[in-house]
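According to Swiss-Prot:
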ACT_SITE  HIS99  active site, proton acceptor
BINDING   HIS264  heme b binding site
SITE      ARG95  site 'Transition state stabilizer'
Amino acid sequence: MDGKVGNTTTGCPVMHGGMTSAGTSNTAWWPNALNLDILHQHDTKTNPMGKDFNYREEVKKLNFEALKKDLHALMTDSQAWWPADWGHYGGLMIRMSWHAAGSYRVADGRGGAGTGNQRFAPLNSWPDNVNLDKARRLLWPIKKKYGNKISWADLIVLAGTIAYESMGLKTFGFGFGREDIWHPEKDVYWGSEQEWLGAKRYDDKDRQSLETPLAAVQMGLIYVNPEGVNGQPDPLRTAQDVRVTFGRMAMNDEETVALTAGGHTVGKCHGNGNAKFLGPEPEAADIEDQGLGWINKTTRGIGRNTVSSGIEGAWTTHPTQWDNGYFYLLLNYDWELKKSPAGAWQWEPIHIKEEDKPVDVEDPAIRHNPIMTDADMAIKMDPVYRKIAERFYKDPDYFAEVFARAWFKLTHRDMGPKTRYIGPDVPKEDLIWQDPVPAGNRAYDIAAAKAKIAASNLTIGEMVSTAWDSARTFRGSDKRGGANGARIRLKPQKDWEGNEPQRLTKVLRILEDIAADTGASVADVIVLAGNVGIEKAAKAAGFDIIVPFAPGRGDATDDMTDAESFDVLEPLHDGYRNWLKKAYDVRPEELMLDRTQLMGLTAHEMTVLVGGLRVLGTNHNNTQHGVFTDRVGALTNDFFVNLTDMANVWIPSKDNLYEIRDRKAGNIKWTATRVDLVFGSNSILRSYAEVYAQDDNKGKFIQDFVAAWTKVMNADRFDLA
């Protein structure tokens, strides 16, 4: 290509301005500009299924038993192009499921197996996911057969669960309902490193400073480095890494030991060869490789000669059956450091009995030493983990039960409440990590409840702020939080600084009495009060409206709430209420963008909500920043009118504060934060602000505000169609 546009004989026939793989992006030109792309994902333009397709309804038509039968058959149907170890694909399928679910992190709820994201970059090409492309390709005939009735996300998780069943474990259950995405996620921060296995996520040497929200120690790993900290064996240091990373996946010490042991009871590591012969990962592979990566085109590279992690060997004597052999070998033998054929650090037993060695994956007449990773040795050497391991060793049934429950938690943690689970194998038991909420009353007089709220002495700001605070905790990432359950009245939420405990206590006292009088749940009354406040504010602006409301929220109790698990939902900032708990390295407008994405809102919904909430008097602690109106409590478009008025000039005052002055007179009219001014500064957000500032769009502003408000209030109403 010589780049001469229009030269049809010797030049490139493609207009370079339209090329998809070249050119400089806006982000490259202006790296500090607010990037709204994370709010514009997973829409109809990328989804081939059409707007009328509803996976959660389609999966109900699935022949569940036939699918499971086919998966059982797949486990022992070894394919020549990628042979099964010992004739059983169980270990491979479990690793695929584990690595899909294990990317979840509790801090922001992102990652996990709920979207089928392992099919896309970067996860499909992570160093920790070497050869999992083969597992998904082995599943393709089953996906092809059952089609739209089973998502990749569900199938990837189910395959690991069925693998355990096929090897003798009684699993705890399974819930269908994970919907596929169709392109890589733009909102997930996997780390700032520019190279695989980079580790620029710590700022000290004691391994306690892993960057939030990350839950893996190096770029491209699921949790810890199996060879040791930064590839150097040290089981006690690795134990610290294990505890931190599993904790950030919402697992306690017992669950951590169970998952580590149960994951390593079956299958093996692969490092019997030279890693330099592996081809590039899937995203960098040649077009003729058709999406498969790490292809060895130099040596055999399959079966006993496979290289994945570089560690070589099985953990147990019988790697295709569920048993207690992991603890038997780990606790009864002494172990020494060795190097695998691929050059990776691993632990091997000293003076092991021949009958305790696992056989070769291809020739049962050959036996090899079992191996342990540094993480396994951490289970043996860390005193807390060791005590748990010894109990599991002495009580195999207890171990199997704890593991089955932990596996279920691992693979369902990002699905939200149990009401979202579909299928015949959903456990009846309510689990506290599912944040259970009882069914609410729908048969009460909504009009009477609204009348009592309107007659109370609550201000518009108090009603709207309380409803907002109750609902804003919702995270679309793992479907946690939200207004349903009214957990804002329970610990820890009632004491969060962002919820203004003194104001909250006053408002809840009044709303709880109204709930008791009308038979409504407190959760419903909180939302209803916000709606009443908005209706009053719209009337003050000259518009009579009814804010949509769907009754039926329930009230959770302390017994239904794992208070500690809700700590990660505490808002440390809220641009919608113009509040920061403290100064952060990240710019306030970027924090608001992250919050907006988690809440499932678009850029124009964010815009209209901020503009409306400012004039309703909902700022945290009643600050006046961004309140560009002299009619507080009226749902007007004044925020946008005054933001876009060139009669004003914006002057920096101090960190994150600005003065809005009259351009001619110079007097201060208002103050603002960066969150306010970004709606006039960012070209995209300004285009939305101008729409809402127009003289003919006062009604549209209210209509759009109410629609966005209702979306937030109902974000966790999975019971609604």
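Glycine too: its Cβ is placed from the backbone N, Cα and C atoms.
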(message) Cα-Cα, whole number of Å: the residue listed as 'active site, proton acceptor' versus the residue listed as 'heme b binding site'?
(response) 13
(message) Roughly how many Å lie between the Cα atoms of HIS264 (heme b binding site) and ARG95 (site 'Transition state stabilizer'), rounded to a whole value?
(response) 10
(message) Say we define neighbours as other CB atoms within 10 Å of the CB. Which of the recorded positions ARG95, HIS99, HIS264 has the fewest?
(response) HIS99
(request) Could you check what DSSP calls ARG95 (site 'Transition state stabilizer') once collapsed to helix, strand or coil? (result) helix
